[in-house]
Amino acid sequence: MKKKTLSLFVGLMLLIGLLFSGSLPYNPNAAEASSSASVKGDVIYQIIIDRFYDGDTTNNNPAKSYGLYDPTKSKWKMYWGGDLEGVRQKLPYLKQLGVTTIWLSPVLDNLDTLAGTDNTGYHGYWTRDFKQIEEHFGNWTTFDTLVNDAHQNGIKVIVDFVPNHSTPFKANDSTFAEGGALYNNGTYMGNYFDDATKGYFHHNGDISNWDDRYEAQWKNFTDPAGFSLADLSQENGTIAQYLTDAAVQLVAHGADGLRIDAVKHFNSGFSKSLADKLYQKKDIFLVGEWYGDDPGTANHLEKVRYANNSGVNVLDFDLNTVIRNVFGTFTQTMYDLNNMVNQTGNEYKYKENLITFIDNHDMSRFLSVNSNKANLHQALAFILTSRGTPSIYYGTEQYMAGGNDPYNRGMMPAFDTTTTAFKEVSTLAGLRRNNAAIQYGTTTQRWINNDVYIYERKFFNDVVLVAINRNTQSSYSISGLQTALPNGSYADYLSGLLGGNGISVSNGSVASFTLAPGAVSVWQYSTSASAPQIGSVAPNMGIPGNVVTIDGKGFGTTQGTVTFGGVTATVKSWTSNRIEVYVPNMAAGLTDVKVTAGGVSSNLYSYNILSGTQTSVVFTVKSAPPTNLGDKIYLTGNIPELGNWSTDTSGAVNNAQGPLLAPNYPDWFYVFSVPAGKTIQFKFFIKRADGTIQWENGSNHVATTPTGATGNITVTWQN
C-alpha cells in the first residue's frame, strides 16, 4: 500500500511538472477522426498524390490513358506513379509526424490525353469526370480503403475539389486535348465546342485582367503552355447540380472535408449554396483557395466578405505573404508579422478557421526562397503555434526545395523520422492537441523588435508563450517581458531542439534572459476548466436540423444543455471537450451558442442560421442610374442572406450583398445565395464613392425564389 501511494505521488508530481515546464508527449493513439468539422487542434499535411509514393505499380500506365507515365521521372508534367495506395502505406509515417488531417490533391478523373508536349493532368486540377476516381491513382475501393485506414489512425481526409473548370482546350483548335470535355460517371455530357444550346461553359474569352472581378469569374484560365481551361458555368442548373452531386459523393465516401479550388474565380452564391447542401449531409470542414488579394489590393474586401458570409473558410494567403517576407526574403520585419496577425484578427469573423502555411504547390518552396534551415524551422514554429490550423506541404520535413510549378512538386525524397524539422513538427503537434490556447486562444504581442517576436496565446487559463529570433547571427537580451503564465519555472517545450531556453515567472514578469541566435522557445501551461469554455462551433453556418460540433473544455461528463439564442438544442453526443448537437428550429440570422454544464454557463460563440435550403440566383437590375468611378451597386432585402435591409457593405456576416457587376452597363448583375422556394422582398442601392447611399424609388421588389439548383430574377431599376 505504501509503495502504491508513493508511486501515485511521484506520478502526480511528474504530471504537474509537465504541465508547468515541459512537453506533454503527443500520443497518436489518442487522436480521433470522429469530428470532421473540427480541425482546430490538427496539423494538416498537403499531399500531391502523384508525387508522394508509388504503392501500386499496376496503375502507373493504365489502358484508359496509356502513355502518360514517365518511369524516368525526368518529365516534370507527366505522371510519376504516386497513388492512393501509396498514401495509405505511409499513414504510419504521417501518424508519427503528428499529422491529424491529410489534404489530398484532386482524386477525380483527369484528362486522358496530352495537353501539348509531355503535359498531363498528374496534379489533378483538370477534371473530366467528377464522378470517377483518376485511374492513375486507383478507384473508389482504393479511396474508401485509404479513408477508412486514415480514420483508424486518427487522421481525417480533406480532398481537393475543382468546380471552376474542366480540362484544357484551344479556341481555334477543336482537336486539341479533349476540348474541355465533361463526363458524368463515364457518360459524355459535352465539351466547349458543342455547348451552344447546353450552356455548360462560359464563352467570354480568356482572363486578361486578373483583378477584374467579372473577368476573373466569367472568363477562362490561361496556361503558359498556350491553352485555356474550359470555364464551367455554375449558373447553369445542370452544372450546379452535377458539381453538388459530385461533392456530396466524396463526402458519402468518407471525406471529412473539401479544399475548394479557385473560389475567387466562380460566383460566391454557388459556394454558399454548395456549402449549405454539404453541411446538411455532414458536419464537415470546408476551406477555399482565394489566391492573393492581400490587404491593400483591389479585391481584398471581396475575399474577406467571402470568408465571412459563404460558410467556406479560406487559406490564409494574407499571412502567408508576410511569413515568406519575414522568414524567407527578410524584406519585412516582425512588426509586419504582428500587424498582419492583428489585421486578419479584426477582419475575419472566424479567424481561428483560417488555414496557415509557408508554401504550397502553387509557389516556390520555402527553401528555394531561403536555403537556411534555421529560418525554415522558425517559420514552421510560427504556423504551428499561431491562430488557425497549419498546413505543411509534403516533404517540408525532409527539406525539399524547388522553384515554381512544376519544380515545387518533386517526388517525395525520403521518409526520415530523424530530421530536426520532423521532430519539431511532431513535438508541436502534441502542443496543438493538448493546449486549448493554441487551438482557440487570443494572440497578444509581448515583446518585439525587427528580428524577435514574442507572442502569447491564451484561452481562459491556458497559456502558451512563444519566442522566435529570426536572426541566426545575433542574440538578444530579453527584459521587461510580461506574461499570463502563473508563477514558476518553465522549460522549453521543444527541449532545446531549436536553441530555446527555460524561463522563470514571478507575478506576471519573466526574469531577464538571452534569446540565442536563430532560437525558438515555447513555454506552456494548461489546467482543467472549472466551467464550460467554448472554443469553436463548426460548421458556423447551416439550417435547423444540421449537426454542429462544439469544441472546448470543461463541459463535464454529465450532459448539460446547449442553447442557440436561448432556444434549447437536442444533444447528439457529449464529452468533456466536444459536444454534437442538432441546430434547433428558430429564426434565421446570426445567433449566440451557449453551453451550460453543472449549472454554470459558458462564453458565447456566433452561429449563422440560414433561412432555408439555399439556391444560387442571378439577380439582374436593368437600366440603373449613371455611375462614376468608385460607385458600386448592392442588393439588400428582408432576409438575413440579403442583409435584412442593411446598407453595411463592410464584409461582415449578413450585410448588404454585392457589389454587382456591369459587363453590359447600365445593366448590373451578380449571383447570390438565397433560400429556395421562398417569397422575398428586395431593393438595390448605389453606394457612391463618397459613401452616400442612393436607394431605388418605389415599392420593394417581390419575387419567389426558384426551387431548383439555380435561377434568375430580373427587374428594372425604379427611378
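Every residue gets a Cβ built from N, Cα and C, even glycine.
Remember, predicted model here, so these are calculated numbers, not experimental data.
Of all the Cβ atoms in the protein chains shown, 24 others lie within 10 Å of the Cβ of Gly81 (Ca(2+) 1 binding site). Annotation source Swiss-Prot lists Ca(2+) 1 binding site at Asp54, Asp56, Asn59, Asn60, Gly81, Asp83.
Summarising the annotation, Swiss-Prot assigns Ca(2+) 2 binding site to Asp109, Asn110, Asp112, Glu134, Glu135. Annotation for Asn110 (Ca(2+) 2 binding site): spatial neighbours Thr120, Gly121, Tyr122, Gly124, Tyr125, Trp126, Thr127, Arg128, Glu134, Thr167, criterion Cβ-Cβ under 8 Å with sequence separation of six or more.
Arg259 (substrate binding site) falls within a strand when secondary structure is assigned with DSSP. When Cβ atoms from all protein chains are considered, those within 10 Å of Arg259 (substrate binding site) total 26, not counting its own. According to Swiss-Prot, the substrate binding site annotation covers Trp126, His165, Arg259, Lys264, His265, Gly292, Asp362, Arg409.
Per Swiss-Prot, the feature Ca(2+) 3 binding site maps to Asn164, Gln217, Asp231, His265. In the three-state DSSP scheme, Gln217 (Ca(2+) 3 binding site) falls into the helix class.
Here Asp261 (active site, nucleophile) comes close to Pro106, Tyr125, Asp160, Phe161, Val162, Pro163, Asn164, Glu289: these same-chain residues lie at least six apart in sequence, with C-beta atoms under 8 angstroms from its C-beta. Annotation comment: Swiss-Prot describes Asp261 as active site, nucleophile.
Glu289 (active site, proton donor) is surrounded by 20 other CB atoms, counting those within 10 A of its CB over all protein chains shown. Mapped onto three states, the DSSP output places Glu289 (active site, proton donor) in coil. The active site, proton donor annotation in Swiss-Prot covers Glu289 and rests on similarity to another entry.
The site 'Transition state stabilizer' annotation in Swiss-Prot covers Asp362, and the record cites similarity to another entry as its basis. Applying an 8 A CB threshold to same-chain residues 6+ apart, the list for Asp362 (substrate binding site) reads Tyr291, Asp405.
Annotated domain 'IPT/TIG' per Swiss-Prot: 532-608, in sequence order. When DSSP labels each residue, the domain 'IPT/TIG' (532-608) comes out as 0 helix, 46 strand, 31 coil, counted as helix, strand and coil in that order.
For the domain 'IPT/TIG' (532-608), the mean pLDDT of the prediction comes to 98. DSSP assigns His265 (substrate binding site) to a helical segment in the three-state reduction. In space, Lys264 is the closest of the binding-site residues Asp54, Asn60, Asp83, Lys264, Arg409 to Gln217 (Ca(2+) 3 binding site), judged by Cα positions.
Taking Asp83 (Ca(2+) 1 binding site) as the reference point, the binding-site residues whose C-alpha atoms are within 10 Å of its C-alpha, out of Glu135, His165, Asp231, Gly292, Arg409, are Glu135.
Sequence-distant neighbours of Asp109 (Ca(2+) 2 binding site) (same chain, 6+ apart, CB under 8 A from its CB) are Thr127, Arg128, Asp129, Phe130, Lys131, Gln132, Ile133, Glu134, Glu135, Tyr183. The binding-site residues shown are Asp54, Asp56, Asn59, Asp112, Asp231; of these, the one with its CA atom nearest the CA of Lys264 (substrate binding site) is Asp231. Neighbour list (Asp112 (Ca(2+) 2 binding site), Cβ cut-off 8 Å, at least 6 residues apart, same chain): Lys64, Ser65, Arg128, Glu178.
Here the Cβ of Glu135 (Ca(2+) 2 binding site) has 18 other Cβ atoms within 10 Å, regardless of which shown protein chain they belong to.
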